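K.L.:
Okay, so TrEMBL annotates it like this:
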type	residues	note
DOMAIN	3-188	domain 'L-asparaginase N-terminal'
ACT_SITE	12	active site, O-isoaspartyl threonine intermediate
ACT_SITE	12	active site
BINDING	54, 86, 87	substrate binding site
ACT_SITE	86	active site
DOMAIN	204-317	domain 'Asparaginase/glutaminase C-terminal'
Ligand SMILES: NC(=O)C[C@H](N)C(=O)O
């Protein structure tokens with residue numbers, strides 16, 4: 001028999017819709033009435049860590065969740081399932097991936113339809129997440145996201161649709177497994193990234209998206225001694241409009257790490273173009289190119305690296321690829 005700890009944090013999976021169709025968290029969490037269909041095979045222990053919509057999740061709350069899962073490793077559980085709102089699920093999943101030691105399978109899930117909507121996906125996602133967390137193969141793969149019968153790595157998965165139940169996708173690579181009628185199938189194994197056992201967390205890492213005609217204003221606004229880092233979602237393969245360059249240089253002069261990813265949905269950022277504002281110039285200036293992560297995940301990685309007290313050189317190595 002497997003023992004699985006289920007930690008609820010809120011989100012649509014824990015909400016209900018009213019007659020007008022507005023979805024809100026109620027006084028009672030509908031997941032508290034969940035009847036497991038696993039019988040004697042799986043023993044569930046359930047806890048409400050918090051009950052908030054995921055736009056209310058902060059790095060501080062992510063750390064609190066990590067610390068609860070750390071404790072679970074000494075409580076004889078075989079796996080952990082976290083339920084979470086989907087809006088920032090990928091950020092919490094990646095934060096846990098970067099900070100938890102890889103002893104236990106940890107699976108995060110949520111729902112796109114609330115508990116009382118027709119075709120609600122919450123209980124199905126919860127069951128498949130529990131099934132995945134109780135599979136020995138789920139260990140050593142980093143934190144997993146299970147939604148709509150697919151298993152994704154926390155490192156790459158992203159929310160791609162505002163309402164569709166098939167919203168979680170892994171651009172470029174695809175899912176690493178699926179939950180089929182007869183069980184869990186992994187078709188790819190992944191190596192975990194470096195684990196940072198952080199004790200506290202900074203929030204002052206910003207994410208800025210580049211656009212045609214962009215000027216220095218947004219970069220100037222965060223050129224403060226309290227800023228610990230910036231991630232830029234740059235254009236195409238990794239380029240910026242020329243008018244941003246003096247402001248980016250100012251951030252670098254202030255020893256603020258500046259990390260660049262592409263705003264494109266697929267592909268990686270590289271120093272390909274040698275025109276003004278092109279990747280070649282940005283790399284020479286000291287901008288760190290991060291390959292394989294989207295903006296919100298690169299921000300989580302930078303934030304974790306800064307919180308772990310990494311030097312500028314260590315941060316550059318840590319954030320440069322999704323695999324480091
Ligand atoms: N489907 C969801 O869970 C979305 C909700 N707004 C949340 O992230 O809390």
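Cβ coordinates are placed from backbone N, Cα and C, and glycine is handled just like the others.
A TrEMBL annotation is a machine prediction, not a hand-curated record.
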K.L.:
Which whole-number mean pLDDT does the model give the domain 'Asparaginase/glutaminase C-terminal' (204-317)?
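P.N.:
A mean pLDDT of 96 is what the predicted model shows over the domain 'Asparaginase/glutaminase C-terminal' (204-317).
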K.L.:
List every residue in the same chain as the residue listed as 'active site, O-isoaspartyl threonine intermediate', at least 6 positions away in sequence, whose Cβ is under 8 Å from its Cβ.
P.N.:
23, 53, 85, 86, 110, 111, 112, 113, 114, 122
K.L.:
Cβ within 8 Å of the substrate site's Cβ centroid: which residues qualify beyond 54, 86, 87?
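P.N.:
Going along the sequence, the neighbours come out as 11, 12, 53, 55, 57, 84, 85, 88, 89, 110, 159.
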K.L.:
Within its own chain, what residues at least 6 apart in sequence put their Cβ under 8 Å from the Cβ of residue 54 (substrate binding site), listed in sequence order?
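P.N.:
Listed in sequence order, they are 9, 10, 11, 84, 85, 86, 87, 88, 89, 92, 110.
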K.L.:
Given the binding-site residues 86, 87, which one's Cβ is surrounded by the fewest other Cβ atoms within 10 Å?
P.N.:
87
K.L.:
Per DSSP, to which secondary structure element type does residue 86 (substrate binding site) belong, with helix, strand and coil as the options?
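P.N.:
Coil, per DSSP.
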